[in-house]
Every structure is written in C-alpha cells, then in structure tokens.
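Beneath this line is the structure, given in structure tokens, with notes to follow.
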Amino acid sequence: MEFDDEAEHRRLFRVETNSPQIKAVFSLEQGGSLSAKATKNTVIQSFKIVILSNKLNLLLPFGPLAILVHYLTDNKGWFFLLSLLGITPLAERLGYATEQLACYTGPTVGGLLNATFGNVTELIISIIALKNGMIRVVQLTLLGSILSNMLLVLGCSFFCGGIVFSRKQQVFDKGNAVLNSGMLLIAVMSLLFPTLLHYTHSEVHAASSELVLSRSTSCIMLVSYAAYLFFQLKSQPSFLTESEETWDDDEVPEISKWEAIIWLLIFTAWVSLLSGYLVDAIEGASVSWNVPISFISVILLPIVGNAAEHAGAIMFAMKDKLDLSLGVAIGSSIQISMFAVPFCVVISWMMGEQMDLNFLLFETAILFISVIVVAFFLQEGTSNYFKGLMLILSYLIVAASFFVHQDPDQDDT
C-alpha cells in the first residue's frame, strides 16, 4: 500500500485542527471560496484520498476482525482491544469528513458543524451506552476524555515543544488561556453542586432535586457553550490571524460535498456498529483483564477519541504554535465538559433515563484538582518541557488512582 506524502501532510494538518474553535475559524475564513475550486472524484479516487492516503487506516481491519472474534470466541478481552484499535482510525476519519463538508457550508453552518462533530466518537459511544442503561460508563468515559485532553495531550505538547525549543521559553496567548481555564472551572462547578447536594443530603425533595438541578444546569451549560463559541468565532481577531497564517492559501477541499456527506454517513455507521460491540464488551473485558470498569472507561476508552488530537497538538507545539496546541487540547476539554456532558444529560432525559451531573465524590474531586493544576500552569502564558512532564506525571497519578478504584454501586452512595 502506497501513501502520498503531500496528502499525508494535509491529513496531519487536519488532525492538528480538531478543536471546534480552530476548525470553525477555518470555515469562517475559507468557507465561501473553496467550493469553487473543488473537483469531483471517481469512486476509486475518492477511496484513495480518504482511505489510502492515511497511514492510521492500517488499523481499519481490526474492526471486522473484532466482530469475527466476537462470534467465534468468548474472549471479551481480545474483542474489546481489537474494537478499540478498529475505532481509532474511524474517529480521525470522521473529523476529516466533517472538515471537508464544512468547506462547503459557509461560515455559520460550518462553525456549528465542526463544533458539533468535534467529539462525535465519544458522543456515539455515550448514546449507545445510555440506550443500554450504562449511565456510569457514560459519565466515566466523558470524564476520562476531559482528563486525557487536559493532562496527557497538553502535557505531551508542552514536553515535546519544550524539548525541541529547549533554549527558549515558548509563549502563548495568556488571555485566551485564562478564559479557557475559567470555562473549565465553570464546568467543574456544574458537576460539583449536584454532587455536594447528594452527599450533604440537603435536597428539598429527596431523589428528585438532584436530577432537576442536573437537568436545569445542563441546559444552562449548553447556552454557555453556545455563547463561548460565538465569542471565539466573532470576537477573537488575534486567534483568527494566527489561524489564517497557519492555513495554506492554496488548500482546497480534496473531495466534493456529496462525497463528504457519504463518507461521513459511512464512518458514522461503522463507528456506531463497533461502539455497540465495544460497550457490550466493557464488563467482560473488566473481568477478563481483572481491571476495574472505571479504569477502562476513564483511561482506555478516551484514548480512542483523543489519538488524532494527541498527534496534532504535539505537532503544533513542535512548530512553536502553542496557541493552536491549546486550542486542540483545552478546546476539546471545554467542548466535552460544556457540550457533550450536558447534551448526554438532556438526551438521557428524552430517553427516559436518569443521568445526572453527580459524577460521585472521587471522580469530581480528581477533576477539580486537575483543572486547578492546569490553570496554574497556564496562568503565566509560557511553557517548557518541565511543565509538560509534570502534567504527564499528573495524568499517570490519575490513571493509577482509577486502577485501584472500585466504582461503588449507586445504592451505596
């Protein structure tokens, strides 16, 4: 299998721009003019561009292999691992198809499209888990995505950028970093209050006040995230300038609008299919590996959705473009905490399930402390390899904590 170097370079650039703010900015700046340059491809050409130009797609065969293992053996551990590997390239290709489609939709729709589909893999897994009544898996998976982006992705970016530019301190927009830290603290506050209400036993109506607070808070969080998107897209000229400088003026969509729609539907269907198998195998994998479900949900599952973002954020940092690295890492954390989490609460409400924002004391405390640590490292507007190393080690502490943490039954809390 041969890969085109230029196509691979373009793919890597798109991987780097997986945050809603960055991709929506590109839609704002490029949306109207790119469609005229796009050409239609044959089926074979489209397949080569979308599938064969991406080395990560070497993992695609693991998806069908996982399904085969599911029906031929009872080994849930192998089945879960193969499913994880199979979904990883699909998550990245979903982002690619979404970005291609956004080139044709204009600024407003393009921005909303990119913001909505920025973490579609996590949303699909969460919705399937909700349909199966696995509310704790949903909560833990979303929590893990936030922690992974904040600590691991950002930490690796700071560390690799600091190694490459060891003779100087890298800098980023301090004001934007402080704003993002504030958004993360608002997200923690939204999770903390229902948790405190639960553990202080101070509900006005026992067993219902906590759920009502969670649902009303979720609606407010969605409004807050919409306002945040509007502010980033309309009121940040410095961010727009930085993004414009990074984007290649000759860059055009590689596939047509209908090709992008078809590929988006194909990848979404394939992710949905594999996610269904993946969610069903979580408990079996936990027993097979003798690993807590909380560790699988918080540490292993988020790796699937964050693999592409991880590579992109590091590559930006190694090019001394830390503002864009933060846009990928912190921007994704904000999207999950301020959009994906409340969205799942609202969806569960519509399904008749009772998902709330009480992530339990242990998980909420870890998130709160992690946000504080990240906020302290961002407040100076500078980074180096030592800060990156500390964030990575912090993530390892979190991973070790969940490895020895047995998630209690809801009745015991």
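Quick reminder: no glycine exception, Cβ is built from N, Cα and C everywhere.
Taken from TrEMBL, the feature domain 'Sodium/calcium exchanger membrane region' applies to 78-233 (among others).
The domain 'Sodium/calcium exchanger membrane region' feature in TrEMBL is assigned to 260-402 (among others).
Taken from TrEMBL, the feature transmembrane segment covers 56-72 (among others).
Here TrEMBL flags 108-130 (among others) as transmembrane segment.
Here TrEMBL flags 142-165 (among others) as transmembrane segment.
With a cut-off of 8 Å between Cβ atoms, the residues of this chain six or more beyond the transmembrane segment (177-199) that come close are 146, 150, 209-210, 213-214, 217-218, 220-221, 224, 228, 326, 330-331, 333-334, 337-338, 341-342, 356-361, 364, 367-368, 371, 374-375, 378-379, 381, 413. Residues or ranges marked as transmembrane segment by TrEMBL: 177-199 (among others).
The transmembrane segment annotation in TrEMBL covers 211-231 (among others).
TrEMBL lists 260-279 (among others) with the feature transmembrane segment.
With a cut-off of 8 Å between Cβ atoms, the residues of this chain six or more beyond the transmembrane segment (291-317) that come close are 12, 15-19, 56, 80, 84, 87-88, 91-92, 95, 119, 121-122, 125, 136-137, 140-141, 143-145, 147-149, 152-154, 156-158, 160-161, 164, 170, 278, 282-283, 285, 324-325, 328-329, 332, 363, 383, 398-399, 402-407. Per TrEMBL, transmembrane segment is recorded for 291-317 (among others).
Feature annotation from TrEMBL assigns transmembrane segment to 324-351 (among others).
Remote same-chain residues near the transmembrane segment (357-378) are listed as 139-140, 143, 146-147, 150-151, 154, 158, 174, 177-178, 180-181, 184-185, 187-188, 190-195, 197-199, 210, 213-214, 217-218, 298, 326, 330, 341-342, 345, 387, 390-391, 394, 398, 401, 405, 407-408, 413 (criterion: CB distance under 8 Å, separation of at least six residues from the stretch ends). As annotated by TrEMBL, transmembrane segment applies to 357-378 (among others).
Annotation comment: TrEMBL describes 385-404 (among others) as transmembrane segment.
Long-range contacts of the transmembrane segment (260-279) within the same chain, counting only residues at least 6 positions beyond its ends with a Cβ under 8 Å from a Cβ of the stretch, are 46, 50, 63, 66-67, 70, 79-80, 83-84, 86-87, 90-91, 93-94, 97-98, 100-101, 104, 120-121, 124-125, 128-129, 132, 134, 137, 253, 301. Each residue in the domain 'Sodium/calcium exchanger membrane region' (260-402) gets a DSSP state, and the totals come to 121 helix, 2 strand, 20 coil.
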